[in-house]
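According to Swiss-Prot, the features are:
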ZN_FING   54-113  zinc finger
BINDING   CYS77, CYS80, HIS101, CYS106  Zn(2+) binding site
REGION    595-680  region 'HATC (Hobo-Ac-Tam3) domain'
Amino acid sequence: MDEMIPKPLISNDNEMMHGHGYTTMVHGNNEILNGNELAVHAEVIPSASTRGQKRKSAIWEHFTLVDVSDGCKRASCIHCNQSLAYSSGSKNSGTSHLTRHIAEWCRVLKDRQKSRRYTTYNSSNENASFDQERSCLRLAKMIILNDYPLHIVQQPAFLSFVDSVQPNFKMVDIGTIETEVYAIYLKEKDHLQQALANIPGRISLTVGSLTTNQSIRYISLAAQFIDSEWRLHRRVLKVMMAPWPQSENAVSRAIIKCLSDWNMQDKLFTITLEHDCSSHDIYSANLRNHLSGDNILMLKGQTFAVRCYANILNAVAHGVLASVHNVIYLIRESIKFIKADDAHENKFAEIAVELKITSNNSLCLDVTSEWNTTYLMLLAALDYRQVFTLLESYYDNYGTAPSTEDWKKVEAACGFLKLLYAFTLNIMSAEGNHQTANMFFHDAWVLQLELQNGMAHGDDVIRGIVIGIHEKFDKYWKDCNVVLAIAVAMDPRFKMKMVEFAYSKIYGPTDAAKYVKLVDDAILDLYKEYAAQPELLPLSPIYVDQVPADGLPFIETGGAPATASPSTAAAGAGLVDFDMYLSEVTTMGQPFKHELELYLEEALTQRTPDFDVLKWWQDNTLKYPTLSRMARDVLAIPMSTVGVGSSVFLPDNGSRSLDDYRSSLRPELVEALLCAKDWLQYSP
């Protein structure tokens, strides 16, 4: 259904209009009307075929003369039947007032002209280019992209609307629209497979879940990668019903089959799982064992499994709320009491004014499944804590005001929720290239430190809140801090300096060294694996790389590079021991260092608000050809299973849910709709 754009109804100045036996000259901005329409305020020049005829003005196409008495005639509008004076005896009123009537007053004619303009345009343009198949395809895309139900094609109001826009479109049935959806899904899948086959680096996978109202669980797999232009992408690969009976082995096999279908086994870098330790520990181990057996995982799978950062933040937040659930109940009931009656609300506001309480927060009830709304409810309630207490003295039937001790618990809980809320917003606010893996380390180490300090806090209230949540996040930190650290080390603004600083805060100056060494060793081992792989990019002539026995390319940091003759090059094949020796000593004060050493030793890049880490690596690819390949894959690790632009404030179980309509569809149709919606967003 193409958008209709009416043709202009005003011709250019001095354009000659021919028709109906007369010629109309349009002057200035005078309006012309096509067909039987009148050229208003235009000079009418009789044509040869009309000379000598009575009433040469085209106005008489819109009026008829009616004799009303002897010598008196009136002009009757043929459109609205209004009667206008024309002549009385020998006196003639002329036609100017008749022209004004047609141009300005006759509503019937105006409505008819509007309809004719649309019909004329529609018949001369739209019908000529109308394509039933194309319109059906666009209808299917509209349904996919807007989450409309397939049975919209049967809804009377929609049918009426389509008929008014394009009467020639023959509405299709549900079966036909399903076929269109599948065709779009298969076409877009083929495009994505071709794109993934040509990306320069590895691909990381996310595994999420969707629940339904029928207690059926779907598994969603998405790929994240950085393309040749150093742009970060995430694409859904598959949405499948969880195997039944559900088991960790069955889920592992389903994921492996998906990797095989997409030819991704050899390109897989990491896999990010939702934070459900009870099952994911098992099937992540299954996946690691299977893929490590084929020798396709980097670092032998040590950094293969990553836990979802958004999930752990949600789990910790719900843990904080659980520690004060009794107080939350009292606050909810108090707000309900206040909002239930205008008199209660007015009295509440009156007390707040008397107490000179000024707050930008307004009382509101929360959505119990979204912890951020509960946090905002508690935050507002804290501002008015004195009002809640005084309100009891005015109403005998109000008895749910929190106590002083209760407010102390809420204040402590909000201290932790403030951090969690800010960190979660950081994930949601990251757009496009900015949700790279390096951005997660900062918030994670701060939260780990805060929870550690909370465990040792002298206040029983704070310690009571932290006890329930520290174990959850500590498990995440132990599993993922090395991956997080490697990622932030690939940020030239921080490198290993940020890791050293954070670890000294968390572990203390003495113990920090051994944890820093773990990260140092992991980065070096990972770099060696990339260095041992074939170089994919041409080297800059300034940086001359040589690959010794340990697989590390070395860069000569001083002096001019020598030009080797063929005989010298051949002899070089037997100098492996010498190359290894050079890697350990310096010659003539000119050390040989590999790219990783040079990168880490260089001064930190200045921190600016608009810094783009991917742009930095793109600009420095020739300087660090091997390290940039490693950085491309590391920065593409999805630390969260939640995509950009999606809400990360999840229910306590950490799962998203399908709506009732999609829950009722066949699994293959659910997959086609969800995958195609994701892919169509990026189609030209």
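Using N, Cα and C of the backbone, Cβ positions are placed for all residues, glycine too.
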Check your understanding: Taking every residue in the region 'HATC (Hobo-Ac-Tam3) domain' (595-680), what is their average pLDDT?
Key -> 88
Practice item. Tally every other Cβ atom lying within 10 Å of the Cβ atom of CYS106 (Zn(2+) binding site). Key: 19
Check your understanding: What are the helix, strand and coil residue counts for the zinc finger (54-113) according to DSSP?
Key -> 21 helix, 21 strand, 18 coil
Review point. Here the binding-site residues are CYS77, CYS80; which one has the lowest number of other Cβ atoms no more than 10 Å from its Cβ?
Key: CYS80
Review point. Which residues, in sequence order, are found in the same chain with Cβ within 8 Å of the centroid defined by the Cβ atoms of CYS77, CYS80, HIS101, CYS106 at the Zn(2+) site, excluding those residues themselves?
Key: HIS62, HIS79, ASN81, GLN82, ILE102, TRP105, ARG107, VAL108, LEU109
Point to revise | Same chain, 6+ residues apart, C-beta under 8 Å of the C-beta of HIS101 (Zn(2+) binding site), given in sequence order | key: CYS77, GLN82, LEU84
